[in-house]
């Protein structure tokens, strides 16, 4: 694959988090970016000019991972507070809280059909949840140290996980057994993911290396030694032909997987880079790190007519003869010092629209409509429908901020000045949240009254039946 006709360019950058950014993901429609941070908040950024950002408040410790549901109407997040949350992305702050892990949760990932969620934790376990039923399903135990990441395969039949025990494991979701194991004596993988076609996995190593494994042949295909510090995250381009990586050396690198070489080194962050993610259409990718900035990069990869890497092995692509290790290069670690293009970026100089870098932020305070645990295996206190109905009908939840804004006309365009607002925005949001809580309280009281009435009716029936029984006994005696 040749490099694209144009170099990657920095298109936008956002500031709003108060600490390092740990995870980022594009919405399926590519109109929003969600980010997680050490500041315990999630933020939702719109790629529309002058649109407001939303800060979701609910976790009590560092948010370690997040991901949009495939329908785009929900957002899952994991935290060091040992919980997983499932958010409805509106201004009401509805969320389900999943409690099952006994240690910080490091990773969340939806299956491609959105039916399941997999979580990985420092308690050495992997847990799978049903989104339809809002309940815990099962755990996977084989790792002997903290599990840092777990991902579904594109077809949902497999799960890949990596741990500080220096192993990468492949799990069958049907048998719930470990069916494959990759080990490395040098370091452990911080992050792992499937290629878009599901035949390979890529790992981001603490030993500074990026590795590509063929899970059909159980062999290492490519080994890139291009970073000078640990690799924290990676993301496949939707075509599967390239890979973007984030490292503690402060750089973002783009690898050509067909030719097996490094094509770009991007230097835009000050400090370690912790997360990177391609958009679903492959036109953008975002990065975040210790500098608390979200950088949005535009690529021209979609303009290039890629060759499918697997077509190099067409003669071997059948069950009797899978692709051979020697068919794919490089076969040994390469420093890739030659033909490397380094692009240094200063966000404040490269992005002219500085006003959009720090958009107005609306705080969304969470209230828990559902709590799900592995012990109850069901939602309590019985309001799973609050979140589940959004899962069943994505049309109930807007997929992008532009449709959210339709409910609030004042949210469109520039934020109104203080003399144009009779009530400050923060106060209005707080009042709206209080009203929502009062509505919930009213509904709860109504439900309690109904249950009391039902109990009284049942008690009355019991007394009548008891009286009849006594009458029958007296007649017989």
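Using the three backbone atoms N, Cα and C, a Cβ is placed for every residue, glycine included.
The coiled coil annotation in Swiss-Prot covers 449-469 and rests on sequence analysis.
Residues annotated as repeat 'WD 1' in Swiss-Prot: 16-55. The helix, strand and coil residue counts that DSSP assigns across the repeat 'WD 1' (16-55) are 0 helix, 20 strand, 20 coil.
Sequence annotations record features per position, and here Swiss-Prot assigns repeat 'WD 2' to 58-97.
Look at Swiss-Prot and you will find 100-139 tagged as repeat 'WD 3'. Summarising model confidence by region, the repeat 'WD 3' (100-139) averages a pLDDT of 95.
Within the chain carrying the repeat 'WD 4' (142-181), a Cβ under 8 angstroms from the stretch's Cβ atoms is held by residues 103, 106-107, 109-113, 115-116, 118-122, 124-126, 128, 187-194, 196-198, 201, 203, 213, 215, 218, all 6 or more beyond its ends. Feature annotation from Swiss-Prot assigns repeat 'WD 4' to 142-181.
Marked as repeat 'WD 5' by Swiss-Prot: 183-223. In the repeat 'WD 5' (183-223), helix, strand and coil residues by DSSP number 0 helix, 23 strand, 18 coil.
According to Swiss-Prot, the repeat 'WD 6' annotation covers 226-265.
Packing against the repeat 'WD 7' (268-307) from elsewhere in the chain are residues 1-2, 4-6, 8-15, 17-26, 28-30, 33, 35, 37, 39, 45, 47, 229, 232-239, 241-242, 244-252, 254, 258, 344-347, 350: each is 6 or more residues past its ends and has a CB under 8 Å from a CB in it. The repeat 'WD 7' annotation in Swiss-Prot covers 268-307.
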